[in-house]
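Scroll down for the structure; my scribbles are underneath it.
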């Protein structure tokens, strides 16, 4: 029984961090209707940034958020402005701009391989003040950085939700995601909103990177397993829904951890994809998704 | 370079690019196709193999190339398998058909080597497998596949022998064992061996857990392991999962008498760097270690380290030796005809000298193409000041002087 509770809670902790990467993905999709295949690579960029900041300056990893998150926001902003936007503009009159998706795949390959060339294939672990710290409770162990990470994730989710609901920029983002043309007619600069949305999506990866770095390692393709999960989570939670992404993440985390207590860990991966397929069949809009008109 | 030699080089390059059958009698280069995981989860080890090959080939070429072929130089061509069998097969086809390689080496991941050697066999191209441990790679009656490293049934056999010897030496009791392994060919192959050996030795298997190497979180596996309370854990992992498992096990205070790992990820230099103190006391079985008392080892390792900032490991030593094996074979074959190369390979008896840094004396292939002398050693990881030392402890006759292994390991 203790093993069950221990794995359940651990699943929730890890799952909420998965949820955070998925939030970034769902935000970009919701606003731009672009599936960002480079999302995992952006997480990787964030993790290298967090790694270097933490190891070079000895900064507390959670303080590093103040450096890494703005950096990732700018990174995403500029990526959209200078790489993705030109493609968008070129395909303005195409109903289903597929090239943009291909471009994000290209960015994925370029970033991963650039990291391989620049940093090598080594696995790097940052030794921080919270690395390896455990919280013990009735013979159950929880990793302190995971606890903190889950807390930060929830705060971020709540803040982002508030930001989109109540701030002026947030309202403009939502307006754009609802109806591009109408929003443009109302004087919202569409490309500017795209830049911000992509920046925010990348910034979510920046937050995830900082909370991962105290207990996870960095290597050039570190984004791939997170990326795949983020896609499943986004579909599960509903495309474009932030609460859906966080809840979806927690569900995936629980399946992964609790599932492994009853079957070989190999099978839980299968189980995650099974859930993915079932959601697609039964409720394609996901748990919190709206019926969207693409 | 003089004018005439420049002209010759240009002419040779032209001949090659035009793809005419201009070389055959007097070859200028021997093309060696290397299929390695240069990206993906096993990239770290693939790149080490690449660096070792490059160093060996530089040395061979600088020393005048292959004399029996008129000083022909070795040329390395690489294909990235990404650790993926399908890619490996496609690349092998490309290497043979488009690049016209004379020899192939690779592929580290057994899952890639297995189907890829099949391609080589079909085309009759000699394939040298420096490392890939799956037994069946050399047990299919192939004529062109030669393996330098020990096969995995030898690894598991020696792991259990080691455990038995340790129990005897230290009078510790071991009843319950756990198996944790990556779910690829390599891990599942090892697990099969372990199951048989555990049954024969009378151990109770309390956990038999495969896991996906690409998992982003291995806490679930560690929770299971902790609840199973084994005395000894046998493990087969790639680098990323080895780091994750070792750190999570230490953090969750999983207490066992010994952890016995299977080289691979645990022998990867980045594993020690990333797991740090959490990896202490672990026993790792490898084909080779830097502290072995072998001729030439220190010099070659120092050179490699100066070049790449890393020590050699089992994989890179086998890759290095493979290049000298190729040199030896070509010298004796005196021809680039696949049949001749194959014959020379089969009759190899390469001892000491340039392959003297291997853990054993000679490379010699049996009927199946397996190096019959390949042997294994067990090391223990110990903190030594700032660095984590890999100390050879088994077999007892090669144990580092003055070292007593720690068994069982202290509680966390």
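Cβ coordinates are placed from backbone N, Cα and C, and glycine is handled just like the others.
Automatic, uncurated: that is what TrEMBL annotation is.
TrEMBL tags one of the stretches A:60-79, A:80-99 as transmembrane segment, and that stretch is A:60-79. Note on the transmembrane segment (A:196-219): residues 17, 20-21, 23-25, 27-28, 30-32, 36, 39, 42-51, 54, 61-62, 64-65, 68-77, 79-80, 84, 121-126, 128, 130-132, 143, 145-146, 148-149, 152-153, 156, 160, 169, 173, 176, 226 of its chain, located 6 or more positions outside it, place their CB under 8 angstroms from a CB of the stretch. With a cut-off of 8 Å on Cβ pairs spaced 6 or more residues apart, the transmembrane segment (A:37-54) and the transmembrane segment (A:100-121) reach 3 or more such pairs and are scored as touching.
Packing against the transmembrane segment (A:262-282) from elsewhere in the chain are residues 229, 232, 235-236, 251-252, 255-256: each is 6 or more residues past its ends and has a CB under 8 Å from a CB in it. Same-chain residues lying 6 or more positions outside the transmembrane segment (A:141-164) and placing a CB less than 8 Å from one of its CB atoms are 6, 9-10, 12-14, 16-17, 19-20, 23, 27, 61-62, 65, 128, 130-131, 133-135, 170-171, 173-174, 200, 204, 207-208, 210-212, 214-215, 242-243, 245-246.
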